[in-house]
Amino acid sequence: MKRILIVTGQSGSGKSSALQVLEDLGYYCIDNLPLALLPEIVAKLDHENNLEQLALGVDVRSTRADMQEFDHVFEQLQKHGTVDVIYLTTQDQDLIARFSASRRPHPLANRFKSLLQCIHEEKQLLIPIQFRATVHIDTTDKSVHDLKHILLSKLGQSDNLIVILQSFGYKHGIPLDADYVFDVRHLPNPHWDLELRRFSGLDEPVKQFLEASPQANEMFEDILHFLKKWLPAFAEGHRHYMTISIGCTGGQHRSVYMVDRLKQALEAEWSVQVLHREMKHWS
């Protein structure tokens with residue numbers, strides 16, 4: 001496991017929203033587990049799952065005794081990856097307004113008479129964790145959208161659209177996760193050339209074969225023009241991923257070639273990921 005984030009802070013300051021943002025960024029998120037159980041759970045996840053990014057939500061539903069043991073918990077978690085603590089805070093009046101608007105009780109409401117007392121006591125309970133915080137975020141007057149951009153900036157991650165280029169074979173079915181599908185079965189098929197059949201669209205002989213085809217070049221230019229025109233609009237709509245699927249008959253030659261060529265044309269401007277779905281079927 002490469003990175004573990006502990007997300008905590010005052011109730012009402014945006015912990016749930018922060019975890020949602022992190023989940024969208026690919027973090028595996030766990031919320032509201034007792035603090036004492038975290039080392040055991042993280043050790044199990046690290047052993048049984050190929051997780052690279054984990055986010056753990058912690059709040060005052062853990063006991064005061066648990067909070068005092070936070071340093072020990074923190075050290076145990078460090079055995080499994082780099083650990084950072086994100087601490088969210090908000091001014092008292094803003095917290096009061098948020099609880100009034102949501103009509104939800106404060107987690108300490110059963111112990112104290114007033115909301116302000118709950119807020120002040122919670123601050124004291126969280127001191128052991130706040131002391132360890134590597135990222136402090138004041139969410140006063142901040143929207144969820146603002147919080148997202150602050151998190152991205154603090155964590156050194158990009159808010160750019162990720163373009164997933166996927167090749168596939170129609171005989172194995174159309175991908176269900178595709179946002180756009182382009183059919184390149186009309187292009188000359190290297191499969192029928194016995195010298196080329198054993199290669200894929202990543203190999204130079206197949207590339208040369210298809211680059212000699214005016215149809216293949218025209219199809220490439222048309223798809224590239226579409227993507228260059230519309231990807232900025234998709235990015236402005238706050239999409240995290242856009243999956244563009246290119247299909248040929250078997251998913252070995254024409255679609256693979258087209259995906260590879262599009263990747264080279266787009267990767268200077270966009271974050272591009274490539275998936276060749278039928279690679280296991282290649283001859």
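Just so you know, glycine gets a Cβ as well, placed from its N, Cα and C.
According to Swiss-Prot, the protein carries these features:
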- G9, Q10, S11, G12, S13, G14, K15, S16: ATP binding site (BINDING)
- D59, V60, R61, S62: GTP binding site (BINDING)
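Here the features listed in Swiss-Prot are placed on the structure.
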residue	record	DSSP class
G9	ATP binding site	strand
G14	ATP binding site	coil
D59	GTP binding site	coil
Checklist entry - Want to know which binding-site residues, from G14, K15, S16, are within 10 Å of V60 (GTP binding site) at Cα; which are they? => result none
Checklist entry - Just the number: how many Å between the Cα atoms of K15 (ATP binding site) and D59 (GTP binding site)? => result 9
Checklist entry - What's the CA-CA gap between S16 (ATP binding site) and D59 (GTP binding site) in angstrom, rounded? => result 11
Checklist entry - How many whole Å apart are the CA atoms of D59 (GTP binding site) and S11 (ATP binding site)? => result 7
Item to check | Shell list (ATP; ref centroid = CB of G9, Q10, S11, G12, S13, G14, K15, S16; cutoff 8 A) | outcome: D59, L88, T90, T139
Item to check | binding-site residues (G9, G12, G14), the one with most neighbouring Cβ atoms at 10 Å | outcome: G9
Checklist outcome for this item: Row V60 (GTP binding site), column other C-beta within 10 angstroms, all chains, value 23
Checklist entry - Which ones in the same chain are close to S13 (ATP binding site), with CB under 8 Å and 6+ residues apart in sequence? => result L88, T89, T90, L95, T139
Next on the checklist: Taking 10 A as the limit, how many CB atoms besides its own sit near the CB of K15 (ATP binding site)?
Outcome noted: 22
